[in-house]
Each structure stands twice: as C-alpha cells, then as structure tokens.
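Now, the feature entries from Swiss-Prot:
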type: ACT_SITE; residues: SER58; note: active site, nucleophile
type: DISULFID; residues: CYS107-CYS152; note: disulfide bond
type: DISULFID; residues: CYS127-CYS175; note: disulfide bond
type: DISULFID; residues: CYS197-CYS239; note: disulfide bond
type: DISULFID; residues: CYS216-CYS303; note: disulfide bond
type: DISULFID; residues: CYS224-CYS276; note: disulfide bond
type: CARBOHYD; residues: ASN13; note: N-linked glycosylation site
type: CARBOHYD; residues: ASN48; note: N-linked glycosylation site
type: CARBOHYD; residues: ASN131; note: N-linked glycosylation site
type: CARBOHYD; residues: ASN382; note: N-linked glycosylation site
type: REGION; residues: 2-27; note: region 'Fusion domain-1'
type: REGION; residues: 28-138; note: region 'Esterase domain-1'
type: REGION; residues: 138-297; note: region 'N-acetyl-9-O-acetylneuraminic acid binding'
type: REGION; residues: 353-638; note: region 'Fusion domain-2'
type: TOPO_DOM; residues: 2-617; note: topological domain 'Extracellular'
type: TOPO_DOM; residues: 639-642; note: topological domain 'Cytoplasmic'
Amino acid sequence: AEKIKICLQKQVNSSFSLHNGFGGNLYATEEKRMFELVKPKAGASVLNQSTWIGFGDSRTDKSNSAFPRSADVSAKTADKFRSLSGGSLMLSMFGPPGKVDYLYQGCGKHKVFYEGVNWSPHAAINCYRKNWTDIKLNFQKNIYELASQSHCMSLVNALDKTIPLQATAGVAKNCNNSFLKNPALYTQEVNPSEEICGKEYLAFFTLPTQFGTYECKLHLVASCYFIYDSKEVYNKRGCDNYFQVIYDSYGKVVGGLDNRVSPYTGNSGDTPTMQCDMLQLKPGRYSVRSSPRFLLMPERSYCFDMKEKGLVTAVQSIWGKGRESDHAVDQAYLSTPGCMLIQKQKPYIGEADDHHGDQEMRELLSGLDYEARCISQSGWVNETSPFTEEYLLPPKFGRCPLAAKEESIPKIPDGLLIPTSGTDTTVTKPKSRIFGIDDLIIGLFFVAIVEAGIGGYLLGSRKESGGGVTKESAEKGFEKIGNDIQILRSSTNIAIEKLNDRISHDEQAIRDLTLEIENARSEALLGELGIIRALLVGNISIGLQESLWELASEITNRAGDLAVEVSPGCWVIDNNICDQSCQNFIFKFNETAPVPTIPPLDTKIDLQSDPFYWGSSLGLAITTPISLAALVISGIAICRTK
C-alpha cells in the first residue's frame, strides 16, 4: 500500500501585504483607505428639505412671465421661496411710493434670503434721504439676527394706532408728492410752514402678540425722525426745539431724537434728513411724542416668534451691468453671528436680461435642490466621509467632516485575504465568542482627545483555544475608553465655556480656539479609526480561521475511514484504497464549494454630530458597509507529500 499525506497550505507570495490586528493578523492582496477625503461644493444647500424657507424677488419668482429664464433657482427651489418680482423685505417695511409692496411671511428652521437688490442706489428712493445704504445695512442685520432665533416671521402691515384728531396725513415734495407707508407722516396741515408753532403731538401704536396665524414675541420696528442742522432750520420762529421720541408703556424712552437735550448737527444745510433706527420691541402699547407741526408714526413691523434657533443663509443680491448696487447684504452677514453668505466671484450676467438668470448664481444655488450632510461657509458636503482636505470655515452645521491629511487615514486590507496563523489554530473552536463586528455595530463610540494608553485598553488576554481578544476584555476596554472620554469631554466643555466668557470680545481668539479643538478632534478620530482598523483585521483573521476549521472538519467527515487526520489540517490516505476520483470527492468536493466562506463584513463608519456644537463631530458609530470584498479561502491549496 502507498500512503500519501495531504495538507491544507496557505498560498501567500510577495504580492501579499501583512496587516496586524488586535487578536489576529492576515495577508491581503490589496488595501484601501478607510475613508477618502471629500471636497465641499461651493454655494448654498440645506440639511432638510422639509424645514427650510426662502425669501426672494424676481430671481426666485415662479410667477414671473420670463420664468425660468429669469430665475437663478430651479422650479423646485422656487416653490420654497416667498417671492414677488420687484419686491424686497425693506421695500415692504417702508413702503415707498410706486414700489412693490409684498406681504413677506413664512416658517422654517433654515431661512435663505435672496433679496435686497430692489432697494439699492439704482432705485433712487429719496423721501428726505438720498442714500439709504446704512439704514438698509442695519435693517438686514436685524432681520438676519431675529430670523436666526425664530421659526416663523411675518410682515405686520397695519399696526393699531391712535393719533390726534387734528392730525392730517401728510405728503412731501421730495417723496413724489407722497410719503412712505411706514412711518406715516401726520401734519397739522398739508405742507406746514416752518413758522408754525403749536402743541406737541401725542399718539399711540400697539405691537400685537399675534398677526393672523403668526405668533409675535418680538417686533422689528423702524424708529424714524428728522435730523436738523439747527433750531432755526426746524422753526424760523424758534418757539421750540425738535423732538420725536417713542416711549414704552412704563414711560421709558426706547427710540427717537430729542434736540431739547441733544445738540443739532451744526451744519449749514436748510433741509432735514430722515434717520431710521431699528428697534427690537416686545408686544405692547407704545406712545409717540413729537414737537409741533408733524409726527412720524410707526405703521408697520416685522414680527418674530422667537421659538427656536435656526440657520440663516444670506445670498449676495446685486445688479448686472449698468445699474449701481450696494453691499449691505454682505456687510450685514459679517455683523451677524452664525449667518452664512453666498457670494459671487464674477459680475452678474443674466440670460433673460442683464439682471436675471445668471449662470454662476444658478450653480451656487443648485445645492438648494438637495439635502446636505454638512453646510458651511466653505460650501456643502453630502458625502459620508468624516474627513476633508481643507478646514471648513465656520459657521457650519450638520455632520461636518474634519480636516485631515490623506496619508494619516488608516488603510484596511482588501482583495484576497489570508489569515497568518497556521492550521493548528483552526483545530479547536474558540470556547468564548470573539469580540466582533456585531459588537461594534451596537455601540456609540465617542470621539474626544485621548491622552495616552488607548491601545492598551483593547489588547486583552489571549485564549489558547483560538487566540484573539475576548468579548469580555474588549468590552471592558471600550467601557474604560468611554468613561475617560466622557470625563475629558465634560472637562473640556467646561473649560471652553469659561474661556468663551473671557474672550467673547475677541472674535479671532474664538476662531483660533475653534480651529484648535477641531484639529484635536481630527487627531482623536484618526486615532480611534486606527483602533477600529486593528479590531477589524483581528476579527477578519479569526473569522477566516474559523472557516478553515469548518473546512478541515468537513474533509474529515467526508473521508470517514479512508483518511486519518495526523495533524491539524493534514491527513494520511492509502493511495491504493482511495484513488484520484475518491480524493477529488474528499478534498476537492468534486470541484464544488461545500463550505461557505464567511459573509462580507460591513464596516461603514458614520459620524454622529450635534449641529450646534462648534459644527463638528461628537460621536462615532459603526453601521453598514464598505464591503470587505473577497473574504475567501480560495487562497488555500492542497499540498501533497509522500
């Protein structure tokens, strides 16, 4: 009789690379990074399509006769905007004669403002003031600030009021022989003489707690008054000084000008200029007192419910060639914390005409058609990778990637995978379940700055019955990491709060601190990914070894008395009793695959974040996969020895 020895043998050559893991190592034909770097797309986007609203003009007005050529947004996005061609929030606030007057109102956690160009130097609105840019800047700034703290907002276009019986609605020659709708001008007579004295006016207006279905917790009110260069310009008879003052219900001054206590400008002009300050006032009854001859009466406001903090995106609104624009929207953005600005890099060139349908703006606003994982001043991201090449400029919201270098991202094995352990490690089934991917899927792995010793938490103890990290030791390691991270995170947050109090006046210091924190988080996350990578490698290696054990057991069962297992993964067979076809049945399974390979492991990593905590990531969870392809035992060959 001729006896031969047949063994399982790993086929590994120089094309394989070695990967070390916690509890087991393996060879692989390929490798890939756990994540690729993502690049933000320039422009605006939203985190949730169902929770945003836009406020616009002709460039977002679906009812415009030239739509869609006149628009800078898609038809889908235009449906989300409250728009009317020729309108703007400020035009509706003041109501200058001959201009569009639109009732702006709506609700959304994220508000996108693409309007403002219709009140610009090109509009040439006078009404006792030729340049309204500084008032527009203050108006837009207050709108953005209050919108960021509210879910709903609405124009209140008719305040309840009580005015003196002798007052008459006034007009002005330099206001197209009319006047603004807000404030309204009331006079003792049409075109009152500068020589009239008389008694002071006393009037009242009420800011409502509700306007239609809109709740009002705070109102934006324009407190307007005239600025005179001298007392003689105000009244040639000099019978009194000019004043126009607003009082709350307790008699406290909340706005206006009183030349009885404040000096005149001292300039040489003979025509007054109207100034309008923006006041944030609570609902209630207010009084207005003014010197004789006329009264400027608040007639409108913007109402805000102040129910929740939200996101504000301001889009630069400028004319095309031949029309003068201002930069009030851009400057208001700079003055409003948490506000994002979408800004053109090229002149506005329209498709429908010079001022409607700009291709660059369409590209910048195309992201409003989608939901992003992260929105920031640098742009928006919808890929799932936690890393980007460049630091994303704040403000940023959502699950925002952290800056990292490509070479610092850990690599995982791919392609054909072979465990490094010999077949002796596959003979005995492990007595206790090895810590595996299912355990990783269950938990949330908090990311923070871990000072030292993190690897030692996970090494655990090796078992003679198969090796690797036991479930119990790994769980204890993760529990220790979690506790340490929570303590460190809590201490860090307390320190940040204290530091913010000290440097709240220093915006650059805050930005520097934010950058340092994000860099630390990026380093910590990369460190945690390295640990997870090592766990995955070990887990895969163990899984492959178990498949080898199943293969060896199946061979022994099929052989019966025809083959004797003389060592782990090796059998002796009588060549005269078991011919080639017999051996093919036992060892090659008649060229079939009777033992299923281990299923692909799902190892997709998903960042969980708090959108209002520095805009960066707070947690890490393992979910469903980058498939680790080809986890097979096809690299196992049969080696014959005589």
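Cβ coordinates are placed from backbone N, Cα and C, and glycine is handled just like the others.
Mapped onto this structure are the features recorded in Swiss-Prot.
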residue : record                      : contacts (Cβ under 8 Å, 6+ apart)
ASN13   : N-linked glycosylation site : none
SER58   : active site, nucleophile    : ASN64, SER70, SER83, LEU84, SER85, GLY86, HIS356
CYS107  : disulfide bond              : ILE53, HIS151, CYS152, MET153
CYS127  : disulfide bond              : PRO96, ALA172, ASN174, CYS175, PHE179, LEU180, MET274
ASN131  : N-linked glycosylation site : PRO121
CYS224  : disulfide bond              : PRO183, GLN244, MET274, GLN275, CYS276, ASP277, LEU296, PRO298
CYS303  : disulfide bond              : MET153, SER154, LEU155, VAL156, LEU207, PRO208, PHE211, TYR214, GLU215, CYS216, LEU218, HIS219
ASN382  : N-linked glycosylation site : SER45, TYR370, GLU371, ALA372, ARG373
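The Cβ of ASN48 (N-linked glycosylation site) lies under 8 Å from the Cβ of LYS109, HIS110, GLU371, each on the same chain and at least six residues away in sequence. On the 0 to 100 pLDDT scale, the region 'Fusion domain-1' (2-27) averages 79 in this prediction.
Residue counts of the region 'Fusion domain-1' (2-27) by helix, strand and coil are 0 helix, 13 strand, 13 coil (DSSP-based). A count of other CB atoms within 10 A of each Cβ picks out CYS276 as the most crowded of the disulfide-bonded residues CYS152, CYS175, CYS239, CYS276. In this structure, CYS175 (disulfide bond) is part of a helix by DSSP.
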